[in-house]
């Protein structure tokens, strides 16, 4: 019999897929136009696709499999398939939240399968911001993780009847960072981060942040579908900043050395490139790849990733850059909505 924690993980998978079309009806990156080069002076064969996930972790491709699932038998099968693809195409992979392992020993197998399947790959553990330093160490040890993601999910927790109601996280993040020996990535889960958040984290010594904006999988919407006690208004379920808006916020951060990762609504190689041009050093993809896997099986996802790995160097060539980091130098035009957002925020932040 499936326990309530594993059942919740299965519900997340089912509801994420059911809501896929709704969540992706608007492309958050459509408002960004890149300026092409007719004389790029580049050689496709010389393009470097490496990117830095953190100072200590270089990844072969600028995109990776972002946190998706874990904690149930079904989730374990999906993690095995994802890890198989990650190994084949040399992609880093983050697990879904591992908090369940501290309540259910049987859930551990759904996460250890990732390392068993991909023994030499870059694997990222994942916990919520209420996790203790001891739990962080245990999660890292369980899957021999190369890094740890700590996710911030206020909106999701508030909509969950069983969710947290206290969000005093900053000191705990510092304690976790002090305790672990692998890089720490602090990430949102689809509501984006403001410059205030980034500055708070930088002041606390957090140097790697995934701004994870709105535009992809909506965990508030998923939890609302699970919650039969209340029915939240759509405006609240669409809470937060889009990924491009959050990337604009990051341009005003005090500490330019703070490393920015983007995720949320990434559905194409061009989105990866646009995120890089907006300042992201690496890009996480979750919902879109999960959708490909569930709908078409591993072969569909394998074909999709092969196409991404072919197209990303081609787009970089057409933009006249030879490395992902150089995308920050590419000219771009924002549509009126994003440009207006950028100008208003610049005025507010300087005031």
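Each Cβ is built from the backbone N, Cα and C atoms, and glycine gets one as well.
Where the annotation comes from TrEMBL, it is an automatic prediction and has not been curated.
When 52, 56, 187, 274 are compared with the FMN site residues 67, 68, 69, 97, 126, 212, 217, 286, 287 in TrEMBL, the one appearing in that site is 187. Residue with the densest Cβ environment among the binding-site residues 69, 126, 156, 212: 212, by other Cβ atoms within 10 Å.
Here residue 286 (FMN binding site) comes close to 65, 66, 67, 68, 216, 217, 263: these same-chain residues lie at least six apart in sequence, with C-beta atoms under 8 angstroms from its C-beta. Around residue 157 (Mg(2+) binding site), the C-beta neighbours below 8 angstroms that are at least 6 residues distant in the chain are 163, 164, 165, 167. Mapped onto three states, the DSSP output places residue 286 (FMN binding site) in coil. When Cβ atoms from all protein chains are considered, those within 10 Å of residue 67 (FMN binding site) total 23, not counting its own.
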